[in-house]
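*Asks:* My questions will all concern the structure given below.
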Number of protein chains: 2
Amino acid sequence: MTHPAHFIELFFGIICLVGIWYSISNFNSVKRTLIGRPMRTAELHAQHNKLIWYIALPILSADLYSSVAYGPEAGMTELVKFGNDAKWYIIPITISTVILLAILILSYIMGVLAYPNGGGAYAIAKDNYKQRWVSLIASSALLVDYILTVAVSVSSALANVVSAYPIIAPYEVVLAVLCVFLLLMVNLRGVAESAKIFAWPTFGFMACMLIIVYTGFFDETRHGFVQQSTPTIGNAPQGMTILLILKAFSSACSALTGIETISNSVPIFREPRQKNAIKTYIALGTITAITLLGYAYHLYVKGISPNPNNTMLSQLSESYFGHGLLYQIIIWFTFVVLILAANSTFTGFSQLAAIVAADGFLPRGLTNRGDRLGYSNGIIALAAIASLLIIAFRAQTNALIPLYAIGVFLSFTVAQFGLIKLWIREKGSGWKIKLAINIVGAIVTTVVAVIFAVTKFTSGAWVVLIIIPLLIFFSLAIHHHYQNIANELKIDLKSFKPKGNRVITIVLVSGVHRVVHNTLSFALGLCNENILAVYVGFDDDSMKKMEAKWEEWGNPCRLVTLKSKYRSVLEPFSRLIKMIDEKEEFKSQIQIVIPQFIPKKWWHNLLHNQTALLLRLWLYRHKDVVITTVPYHLKK
Amino acid sequence: MTHPAHFIELFFGIICLVGIWYSISNFNSVKRTLIGRPMRTAELHAQHNKLIWYIALPILSADLYSSVAYGPEAGMTELVKFGNDAKWYIIPITISTVILLAILILSYIMGVLAYPNGGGAYAIAKDNYKQRWVSLIASSALLVDYILTVAVSVSSALANVVSAYPIIAPYEVVLAVLCVFLLLMVNLRGVAESAKIFAWPTFGFMACMLIIVYTGFFDETRHGFVQQSTPTIGNAPQGMTILLILKAFSSACSALTGIETISNSVPIFREPRQKNAIKTYIALGTITAITLLGYAYHLYVKGISPNPNNTMLSQLSESYFGHGLLYQIIIWFTFVVLILAANSTFTGFSQLAAIVAADGFLPRGLTNRGDRLGYSNGIIALAAIASLLIIAFRAQTNALIPLYAIGVFLSFTVAQFGLIKLWIREKGSGWKIKLAINIVGAIVTTVVAVIFAVTKFTSGAWVVLIIIPLLIFFSLAIHHHYQNIANELKIDLKSFKPKGNRVITIVLVSGVHRVVHNTLSFALGLCNENILAVYVGFDDDSMKKMEAKWEEWGNPCRLVTLKSKYRSVLEPFSRLIKMIDEKEEFKSQIQIVIPQFIPKKWWHNLLHNQTALLLRLWLYRHKDVVITTVPYHLKK
């Protein structure tokens, strides 16, 4: 396995990747001459610098088009379980997939016409159904599938690289998790905003796939459309049932994920934006259909079998181009495009989660933007779960496929039914045709979703079919909780006005030094008469010493010394708070002032603040007191 | 492997364990009739309810005596690499081990005489060497070895159980980590204080081992002292060098770890405590020596080979008793005693770490006692590192052995040299004999430590030999840091007195509701004139609404509304703080008041406090402001 040639190839391949990367990062300058300076999404929405359709095409297509790298392979993997004789089924299955693609694109064009400002399945369902759980089906199913998209895309990306450079095979899982981690970092830093520089590799990958398809036909005109390796056609192998053919079809349909991206992004198109979006849909659909049909046909002609150590895309390229430069370029473009698909999913997932959270159906924290504008919590959650999936499934794409695509088709179905309701309600020009299209779409996607659920149920789909309803249930529970809180917090502005509470300020002192000086200077500045300094000593000696020092310091405020038998600060402190609570005839609020060291080096935190931290955590859990931390910046 | 009989045996075995557990938990009542009600260690030190030596014996011996379960096996594992002909070396190696044991016990008896209040290697070194690094060698080496003790003991405990019930073999690592986790929980809850109820299983294990030794001799009188299985004696297999014999000896010496426990615990003995401690040492030494010699001899006679799936202790017991009740009792006592040894190490590690931390050589946090008196941070650190070791070494005892025991022998050496200095300095009755003993001890332990380092260097000891000096280096760096800080914080009591600072209080408000009412009532109670309520809005509309509501509420204080373009609270807040900082002609301190939801159920925290937490973390990192959190207890 570790022949020196492998190292040379790996080296060569890395140069290839660096080349692609260099091109991406310099695409800015290329693009600037083409379409002007880079823009932020916000600017895109605000101004009129919108995208012409053939520039939008590669930007919005990474997600859908990259799926051709694993879709046909997933279908073939199911088929070859019944031997070589079953391979020819890939042809009718791919034809069915392409028909399904056409129906979906047609349905989504209806979506574009209905929602010129862009509308995902969640928005469409929300707009057309009063029942909240309908839109929650769409959001939950999509969120689950987005997670799977990252896991599947990254696994498939790695599988292709490993096919070309088998010496890195032992590190496949580690490298896949590393890729997710890099995507996490990139997204936390908000690079997703400049997603446009990623158009170029998608074009490159499209070119690669079309070259493969063309080369295939060229090869076949020379060596015959039926070659030695071509399996016989028309045989029905033993044990092959309709259900199992449908299972292969379900797996192959993973090639259709990502179709919704364009309809979500109508506003970024140049006017007339709907027309441009539709153009893009038709162009993308045509290219994808050609690629799928051609690729699947050549796979059949060459009689290629799935191999866990060598993807079918890699095998087919090898058979045409050997292990040369063109092969390596194809592999690296495939890798980059699949990683870009995962990357765009990060944006999609965190934005959808933020929208649902803003409606009060997911934790509000998902609407928080980090330092650099990304929805950090959503991004982190996605990366964490996707990594766990990759580890659990050992980065095996075909092991993940059974869980995949059900969510997407569920959300397709919800969106179609939403559009049907819309056409019936609003009517408008040509509504009957639109309605008819969406009715066909709704029936087809429903049937496909049911086929998915049934055929893949035992191989893993049951997990998804449990998780989605659970997510819906939790979303409703969260909404209920937020509404309860909102009701609890409501007040009457006229009668319920804030008055100053009586506050007792307790300053924690550990001796007489600069930090205590800093803390006390703050506390005394609050002009509160009820200030108490508290010192916890472990023996009588230290307590007497402290009292003397305090005296010498001029008694800045009243000092209370407490003795701790067990060298614990918590216990005497807790006693004191209890005592004040019980003693006070009229209720007053206790404020505890704790100094906090801010060290020069972050790892110095390990050496400080332990008591303050412990005390704060403990007080938070056990007492109803206000906690104030006063920073002290260490100079060393 | 999964023969039904195995399930029945496992079931039977679990009943056995429950029996032992039940006896332990009821030992209280047994013991109460013997030696009165249970006592806390604190009470033990304070009062005169001290331990008679034969009760102290099992309490203090779990650590040393349990090592016989893996020591001889570790030695034999090294020997059989040279085939069956090398097995007879286990006899001279065990004899050498027992001689070393005698020398160590004699040396430690000198320690008992010198330090009647108990003294570990660290305390002895601290007392006799001005150079701090000498005592740090002892502490660092011991801390490293304590971690290894937990990993080795738990791994060995599991290896014995897995030998008896092979069906749980696939879960060995998981179960080992689970054991460490349970020990962590037990120790965080402070059960270690009542360690005395653990005396009984150690007695049980001693009885088991002595029964094995006795049965072995009985068997040999019937079937001959040289049996069919007995390897020939006196052969020197090919490739066997002195160095490799010494390596086997080093591994076998892991049976001697834990010898220091009695000398650390002199104060718990009944008066005359030194005489009683010495009695215990002699008794424990005798029993350990008999066990080691008898056990190793029988292993040799039966010609038992190490087997990763069946410990030698299990194999020997099987050969005498089959798989019956007695066998299962032996296995479970072995398991329990090894777990107890790991448990006592938790106390030892966290106490030593706390002592060293109190001297300023380790992070102060290690001196924090948790809710229930245990040194929580030390306990957690130990459990975490030991778990990682167990996972990294797949719970294979013999893989861990090369790293083990070097630390202990290093600390033995440091202690011996300390005692030599003491005798020379203080003299006293019979000092020449004592000095002679410790000189012999020092030479022997130095030689043994060097043998360990050399023979096990390449198999893993190098890691330990890097980590110990690193730990010493870090300890010194930490001490340096603490001293710098202490100097920085020193103030002149006469001239440097606290005066009240001018404080600007900023209250973060998110609307007008009950929580804001609660927060404002506190802030107004501080009698501070400079109070500012700040509202961050995402559009002009919400800001105007807020201003109107505030007006209607009667303007409790000045309201500032800030607009955020990116739905982020941080950015406008940061601008405000910067503005105040720059505007203020005379320096004033900024206090930020943030409400904090305290939900009824802990997991509701996921749904709240995200903004408050984010803001607090961000302010902590970036700004010099005082942060006050005002709790609001949610009712729902």
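Cβ coordinates are placed from backbone N, Cα and C, and glycine is handled just like the others.
Automatic prediction, not curation, is the source of TrEMBL annotations.
Sequence annotations record features per position, and here TrEMBL assigns transmembrane segment to A:6-30, A:51-70, A:90-115, A:136-158, A:164-186, A:198-218, A:280-300, A:320-342, A:373-395, A:401-423, A:435-454, A:460-478 (among others).
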*Asks:* Sort out for me which stretch, of A:51-70, A:280-300, A:373-395, A:460-478, has the most Cβ pairs below 8 angstroms to the transmembrane segment (A:164-186).
*Replies:* A:373-395
*Asks:* Of the listed stretches (A:198-218, A:320-342, A:401-423), which one yields the highest count of Cβ-Cβ distances below 8 Å with the transmembrane segment (A:460-478)?
*Replies:* A:401-423
*Asks:* Can you work out which residues elsewhere in the same chain, 6+ from the ends of the transmembrane segment (A:320-342), have a Cβ less than 8 Å from its Cβ atoms?
*Replies:* 9, 12-13, 16-17, 20, 24, 62-63, 65-67, 69, 149-150, 153-154, 156-158, 160-161, 163-164, 179-180, 183, 198, 201-202, 204-205, 208, 211-212, 215-216, 219, 258, 313-314, 386
*Asks:* With Cβ distances under 8 Å as the criterion, find the stretch in A:51-70, A:136-158, A:198-218, A:280-300, A:401-423 that has the most pairs with the transmembrane segment (A:373-395).
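*Replies:* Looking at each of A:51-70, A:136-158, A:198-218, A:280-300, A:401-423 in turn, the most contacts to the transmembrane segment (A:373-395) are made by A:136-158.
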*Asks:* Might you confirm whether the transmembrane segment (A:136-158) is in contact with the transmembrane segment (A:280-300), defined here as three or more C-beta pairs under 8 A between residues 6 or more apart in sequence?
*Replies:* no
*Asks:* Counting only CB pairs under 8 A, let me know which of A:51-70, A:90-115, A:136-158, A:401-423 has the most with the transmembrane segment (A:198-218).
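*Replies:* Looking at each of A:51-70, A:90-115, A:136-158, A:401-423 in turn, the most contacts to the transmembrane segment (A:198-218) are made by A:51-70.
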*Asks:* As a test: from A:51-70, A:136-158, A:401-423, pick the stretch that has the greatest number of Cβ pairs under 8 Å with the transmembrane segment (A:90-115).
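*Replies:* Top-ranked stretch among A:51-70, A:136-158, A:401-423: A:401-423.
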*Asks:* Which sequence-distant residues neighbour the transmembrane segment (A:401-423)? Criterion: at least 6 residues beyond either end, Cβ under 8 Å.
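*Replies:* Long-range Cβ neighbours of the transmembrane segment (A:401-423): 70, 74, 77, 104, 107, 110-111, 114, 120-122, 124-125, 127-129, 134-135, 137-138, 140-145, 148-149, 152, 250-251, 253-254, 256-257, 259-260, 431, 434-435, 438-439, 441-442, 445-446, 448-449, 452-453, 456, 459-461, 463-465, 468.
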